[in-house]
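As written in TrEMBL, here are the features:
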- Arg91, Arg101, Arg129, Asp218: substrate binding site (BINDING)
- Asp218, Asp242, Asp246: Mg(2+) binding site (BINDING)
- Gly276, Ser277, Ala278, Pro279, Asp280, Ile281, Ala282, Gly283, Gln284, Gly285, Lys286, Ala287, Asn288: NAD(+) binding site (BINDING)
- 2-343: domain 'Isopropylmalate dehydrogenase-like' (DOMAIN)
- Tyr136: site 'Important for catalysis' (SITE)
- Lys186: site 'Important for catalysis' (SITE)
Amino acid sequence: MLVALLPGDGIGPEVITQARRVLDALAIDGLVFEEALVGGAAYKATGHPLPADTLALAKRADAILFGAVGDPDCDALERHLRPEQAILGLRKELSLFANLRPATLFPELADASALRPEVASQIDMVIVRELNGDVYFGEKGMRKTATGKREGYDIMSYDEDEVRRIARVGFETAMARDKKLCSVDKANVLETSQLWRDVVIETHAEYPEVALSHMYVDNCAMQLVRNPGQFDVIVTGNLFGDILSDQASMCAGSIGMLPSASLDAAQKGLYEPIHGSAPDIAGQGKANPLATILSAAMMLRYSLGLPEQADRIEAAVAKALSGGARSPDLGGTHSTREMGDAVLAALT
Ligand SMILES: NC(=O)c1ccc[n+]([C@@H]2O[C@H](COP(=O)([O-])OP(=O)(O)OC[C@H]3O[C@@H](n4cnc5c(N)ncnc54)[C@H](O)[C@@H]3O)[C@@H](O)[C@H]2O)c1
Ligand SMILES: CC(C)[C@H](C(=O)O)[C@@H](O)C(=O)O
Ligand SMILES: [Mg+2]
């Protein structure tokens with residue numbers, strides 16, 4: 001089993017190092033790693049954020065463990081050369097259309113949530129985010145209006161097949177949980193969202209046991225803070241899912257806690273924390289590696305068929321937190337490496 005390790009930029013390499021230590025400690029027979037450059041690091045070395053060798057490795061691998069990309073030095077580059085194009089390119093090239101972002105509060109972290117503990121303790125949801133379409137991948141550009149003003153534009157669209165396949169992932173995810181699916185859109189304003197809602201309703205016929213509801217995205221942002229316990233599975237588009245998952249992370253304690261899986265139709269996947277390269281804390285040993293370690297657990301469960309090993313990692317993370325391991329984002333002083341040490345010490 002080949003895992004492509006793509007550490008990327010900023011805190012990416014720091015958190016990937018800790019996830020690698022945990023995976024090594026499991027001593028899984030036949031698991032091998034191959035590392036490659038991606039993002040700003042790849043641009044600086046090769047002139048491209050997603051070099052052909054890196055893409056080829058990602059295609060060849062059984063799974064990909066990804067850190068983060070993004071480098072302030074690269075923010076003025078033409079868009080197709082920016083680090084972020086690497087993760088967008090991998091998602092598109094590998095048809096990783098289904099992004100699962102579980103948001104659960106570890107009970108020990110009730111005090112780290114931005115919400116009151118009794119509200120935060122209810123959080124146990126999965127955000128299913130579409131990842132290959134929407135305004136992210138529509139025609140975009142800069143142009144001049146008839147009166148000579150500069151105008152930026154990005155076209156938002158979904159076709160019905162794109163909506164149907166992610167809706168099915170939403171319903172399947174709900175079937176494996178509490179059978180409650182909330183589809184989040186902006187159908188009161190956007191035609192893209194009206195189609196989204198129509199197709200989700202049509203797809204519901206295949207999953208009559210699931211209780212389906214619909215919510216506008218602005219209300220959803222409010223409800224996530226008011227009463228996050230009402231959500232079991234949320235299914236939504238690329239842009240809304242990006243924003244809502246960062247918000248959900250803070251309800252669950254920290255953006256440094258939320259893992260993710262990006263899957264294709266055959267469960268091949270890329271696994272990454274939902275956070276970015278955090279240039280403000282990079283190189284200081286302050287990054288929380290738990291989101292990446294939990295992403296490694298998702299990789300073992302979804303793409304490598306090793307659910308017991310995934311359980312071991314998740315149990316070790318819970319035990320490390322019970323034992324008081326807290327990086328600065330969780331209100332403590334543990335360094336990135338000390339967080340890794342705590343998980344390793346808790347592995348049974
Ligand atoms: N998938 C990805 O690779 C990805 C995701 C999001 C952002 N980015 C990129 O990352 C760069 C920085 O973006 P941003 O600042 O908006 O978002 P960010 O997620 O990198 O950071 C937001 C805030 O959260 C903190 N934070 C993030 N991860 C943390 C962790 N593991 N432990 C402790 N604190 C953590 C940061 O210090 C920062 O204050 C940009 O270039 C952006 O495009 C990449
Ligand atoms: C870096 C960026 C392209 C990416 C996104 O918007 O999808 C990030 O915010 C994420 O959540 O993975
Ligand atoms: Mg994001």
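Yeah, the Cβs are placed from backbone N, Cα and C, and that goes for glycine too.
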TODO: Kindly assign Ala278 (NAD(+) binding site) to one of the three DSSP-derived states: helix, strand or coil.
DONE: coil
- [ ] Among the binding-site residues Asp218, Asp242, Asp246, Asp280, point out the residue whose Cβ has the most other Cβ atoms within 10 Å, with all shown protein chains included in the count.
- [x] Asp242
Open item on the list: Other than Asp218, Asp242, Asp246 themselves, what residues in this chain have Cβ atoms within 8 Å of the centroid of the Mg(2+) site's Cβ atoms?
Closed with: Val217, Ala221, Leu239, Phe240, Gly241, Ile243, Leu244, Ser245, Gln247
- [ ] Work out the three-state DSSP category of Asn288 (NAD(+) binding site).
- [x] coil
Task: Distance [Cα-Cα, Å, rounded] between Asn288 (NAD(+) binding site) and Tyr136 (site 'Important for catalysis') - done: 28
TODO: Sort Arg101 (substrate binding site) into helix, strand or coil using the DSSP assignment.
DONE: strand
Task: Sequence-distant neighbours of Arg129 (substrate binding site) in its chain (C-beta under 8 A, six or more apart) - done: Asn99, Leu100, Arg101, Thr236, Gly237, Asn238, Phe240, Gly241, Asp242, Ser245
